[in-house]
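**Q** What follows is a structure written as structure tokens; I'll ask about it next.
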Amino acid sequence: MNYRILTILWVFLVHLAGIYLFTRGFLLMRLSLGDISTRKDTVEATHKRAVFLIIDALRFDFITQDPPEPVSPYHHNVLTLPRTLTKQRPQHSFIFNAYADPPTTTLQRIKGLTTGSLPTFIDIGNNLGASSISEDSLMVQLQRAGRKSAFMGDDTWMSVFPDTFERNMTFPFDSFNVEDLHTVDEGVIAHLFPLLEDKSKPFDFAIGHFLGVDHVGHRVGPDHPSMKAKLEQMNKVLGRVVDLLDEDTLLVVLGDHGMDRSGDHGGDGALETSAAMWVYSKGAPLADAKPPSGLLQYKTFPGTTRPHRGIQQIDILPTLSLLLGLPIPFNNLGTVIPEFFGRGNQLEKALKLNADQIYRYLQAYRASPSGGELDDGWVAIQSAWRAAAKGDLVALNNFNRVALSECRAMWAQFNPGLMAMGLLILGMGLCASWSLFVGVSDAKSDWEKWLGNHIPKCLFAGAAGGLIGALGLLLGQNAVNFAAFGAALASTATMIVLSPPVTSLASLRTPPLTLILHSVAFFSNSFTFWEDRIVPFLAVSSVVPLALKGFAAPTARLRYRIVGFSVLYAACVRLISISTICREEQQPYCHVTFYASSSQTSPPLIAIALGLPAALALPLAVRRFLKISLSDRGVAKMYYPFIFAPSLIAGAGYWILEWADTTSALGEEWTGALRFARTYAARFTFAWVLLLGGALWYTIPLCVDISVKEEQGQKQIRVIGYANAFGSPYLIFWTLSLAVVYLTSQLPGQLVISLATIALLSYLEVLDSVRDVKAMELAFASATPSSVLDPDTALKDEYAVPFRFSDVVPLALLGLHVFYGTGHQSTISSIQWKAAFLLSSTVTYPWSAITVVVNSIGPIFLFAVAAPLLALWNRAPGPSPSKEEEKEGGVVGQKDIDNRVKGDSLLSGLAIMTYYATLLLGTSISAAILRRHLMVWKVFAPRFMAAVLGVLAVDLGVLLGEGVGVERVTKSIRGMFQGRDAQSTSPSTKAKKQE
């Protein structure tokens, strides 16, 4: 049984159990009540029908007459119809700055607009796969009243309301093709205007969802001529809609959310949550009298000085329901917009109906199984309700807002029990991983026997614990939760008891201390904001002890190698730091360099210029490193120039073509040809590197040349590349993953990955040279100093340099540094959706999801796959002993060196898994303790989710590296060298030092 792979899989499953339990307690979904508002109480309807137009991502400043400074010629003062009509007909036209509750993604906003409810943070996971809405909504009320609804535009509506719209008035379009700026909008236009022109008015409620503005934002950002053209088109569309409106039809135009400076959204930044809303009545005035000032709220948009009328976006739901003569949906938490109910006593009646509906909902929720969540806020709610019962308008309005505020706090809801269970498993898993690391290290060459004694017992204990946990079902508990908890707790506890995680103060030297400080720092929101700037400092600091070792090296060559490659590692880390993307909280102290500017998503010109040169230079640089140990032979001579280099060139070519297409650098007439060319460039890369490259590596992985000469009647076998026989073939395996991640990364990210590859190879040379120094020190300190000259005795346990946990720290930090350098942050808005269209011009499952995931966490995965290189680099196979030597036990054989290489590779995998698991534990504890912190959903929860993805990426990367890469390499080396004559096949292990 392969206990090495089984061990890694067991650690992975423990991580999954801890993540599952903590996430279930920390990111819970809101309970949806199935109650329907059936009361007929409403106010007198002002309109018979409504046209509800969503211009996706329409930010408030896109329509206001007072745009922020500096004024953009591309998105300010372009869509002017709303402000023109508001100025001309102030009682018929109203503009609002509508606050869109985060997460600011389309699915969540559609739910909020139609149900009046609040989304929860975890709901964002459904944005790519929406499910139907089961609670009361405006669409349900329209159906119950016998009203006919029409729809055209974003097909997300069909996912959440599959049976609501009239079949002959339903026209959905694909919503995720952000490269297509016009198809959806043209489709809405083509079907909307015939509907409005129809004299019979076959609809009572028409929804049109335009996507062009949002797609322009994602593709090129708001400061681009394409945005101006799109807003001009929307201005003309709205003008024609107004012309076709009759006096009984209400027009509502709004953005479902805003967009940040680069055109993205999803988070809770001020620009993302500030959505435009315009309500217009061509017939009867919407307002006869100004409502009391105590009911009105004003908000100042960033960059402006004049406050504008502000509302909650969900306020449109109760308002629209009553204006159409419908009951307010049962789950609504919005408040009627007072300007629209100024006729007679309509405002008082509307507010009373609104407050009564909200109170009924809160009572029903309190009576539900989740009702305990309201306990903390129930006193405040009851107090506000008693005040509202007196009928005062301000008190009624205040009750609605108090209820909204308390529910916002409530649905940052937590299950402390599950959170505690998850934290316990994550903590126990960390201790068990350290126990494994210490146990395998102490066992030395007997590590496999050690695992054979411990892992089966842990698995048996886990099975028993899972079975006992599942019995919680008899006590009314969730069987899955308790089974996962019982299994993980029992198995980790068994490992800790069998192999106590012994440590000492001496082990807390600089690199491990760096890990501890890194984890504890997550309690600071400032550290989390600026983690991308602190990680490179930690990465360079972790190499300093090795560099200092170089100054004391016994030979000049080792001194030059250690110091020189350390400087090269540090230089690459520093150059990677130039590539930045800024969080909202980092402004104004951060300057975006990953994109051309903070308001554009195209790469800077220098990245375009360096894209192809970097793709050409990287394979040459890798081969130059291999040449140090003469391991640029064998399959390497074919793979790097004919497989690896074309893949990188095609990857760079894809993004250069994407830039030319996005910016229309060659003109609009080339759009189709450019899309075709880059699609097939990406497909070529995937097929070329994974199929052909993977097959070539698996068939002949070794990078050695073997020649046979006959001298003086004896055969002499010469093996070139022997000194790095383990490391060089594994490097080819690693570059297969590198080519895929390289393709999914935009041009600045490709430059970062190229620099990171040089940094990795430099660190490998530093680590190898430091081990040589330590091996010499051990030999000089022994009774036989001359043994340092004997390559065979250098392989024995007493002279072998043990793998240390600190060896993996620079690699782990490099992976995290590359994550930030490739244009990512621990924020939703930094997701690079362009990667979804790598292999096709439309969203294609599962490939679009896969390419986005690879783009996002690929850098961390990549350097997890690289972890075994720390054990394999510049390691040569040992000589095969003769039968007499086997009896005497005097020579370390091939089986022994395989054993030691696999043991060290296991330690490297455990170390990097432990590093990222420690970061996960730090973010989990900080998120749990600070769960009521003002910035929990803005800072701590996203960083926790990023840590979860990081751990999963690392665990899967180590599994792939150990299970496929190391297994194939060691098997091939065994097959080639096993049984060969020791003297003929065993050149000095220091042959790697020959030029």
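Each position is counted from 1, following the chain as shown.
From the backbone N, Cα and C atoms, a Cβ is placed for every residue, glycine too.
According to TrEMBL, the protein has these features:
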DOMAIN    813-963  domain 'GPI ethanolamine phosphate transferase 2 C-terminal'
TRANSMEM  458-476  transmembrane segment
TRANSMEM  482-498  transmembrane segment
TRANSMEM  510-528  transmembrane segment
TRANSMEM  534-553  transmembrane segment
TRANSMEM  560-581  transmembrane segment
TRANSMEM  605-626  transmembrane segment
TRANSMEM  638-657  transmembrane segment
TRANSMEM  677-698  transmembrane segment
TRANSMEM  719-743  transmembrane segment
TRANSMEM  847-873  transmembrane segment
TRANSMEM  906-930  transmembrane segment
TRANSMEM  942-961  transmembrane segment
**Q** When you scan the chain for residues with a C-beta under 8 Å from the transmembrane segment (677-698), skipping those not six or more beyond its ends, what do you find?
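**A** Distant contacts of the transmembrane segment (677-698): 635, 638-639, 643-644, 646-647, 650-651, 653-654, 657-658, 661, 729, 732-733, 736, 739-740, 743, 838-841, 968.
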**Q** Any chance the transmembrane segment (942-961) and the transmembrane segment (458-476) are in contact, meaning at least three CB pairs closer than 8 A with a sequence separation of 6+?
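**A** Answer no: the transmembrane segment (942-961) and the transmembrane segment (458-476) share fewer than 3 Cβ pairs below 8 Å.
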**Q** Counting Cβ pairs under 8 Å to the transmembrane segment (906-930), which of 482-498, 510-528, 605-626, 719-743, 847-873 comes out on top?
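**A** Against the transmembrane segment (906-930), the leading stretch is 510-528.
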**Q** Cβ under 8 Å, sequence separation of at least 6 from the ends of the transmembrane segment (482-498): give me the contacting residues as numbers and ranges.
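**A** Residues packing against the transmembrane segment (482-498) from afar: 10, 13-14, 17-18, 20-21, 421, 424-425, 428-429, 431-432, 435-436, 454, 457-459, 461-473.
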**Q** Against the transmembrane segment (605-626), which of these stretches has the most C-beta pairs under 8 Å: 534-553, 638-657, 719-743?
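**A** The stretch with the most close Cβ contacts to the transmembrane segment (605-626) is 638-657.
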**Q** Mean pLDDT, the domain 'GPI ethanolamine phosphate transferase 2 C-terminal' (813-963)?
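**A** Taking every residue of the domain 'GPI ethanolamine phosphate transferase 2 C-terminal' (813-963) together, the mean pLDDT is 86.
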**Q** Give the nonlocal contacts of the transmembrane segment (638-657) in its own chain as ranges (CB under 8 Å, at least six residues past its ends).
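**A** Distant Cβ neighbours of the transmembrane segment (638-657) are 603, 608, 611-612, 614-616, 618-619, 622-623, 632, 674, 677-678, 681-682, 684-685, 688-689, 692-693, 696-697, 732, 735, 739, 742-743, 746-747, 750, 838.
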**Q** Six or more residues beyond either end and a Cβ under 8 Å away: which residues meet both conditions relative to the transmembrane segment (847-873)?
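**A** Those are 128, 176, 724, 726-727, 730-731, 733-734, 737-738, 740-741, 744-745, 753, 756, 760, 764-765, 767-768, 803, 807-808, 811-812, 814-816, 818-819, 821-822, 824, 831-833, 835-840, 901, 904-905, 907-909, 911-913, 916, 949-950, 952-958, 960-962, 965-966, 969, in sequence order.
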**Q** Cβ under 8 Å to the transmembrane segment (510-528), counting only same-chain residues 6 or more beyond its ends: which ones?
**A** 534, 538, 541-542, 544-545, 585, 805-806, 809-810, 813, 826, 915, 918-919, 921-923, 925-926, 929-930, 933, 935, 939-940, 943
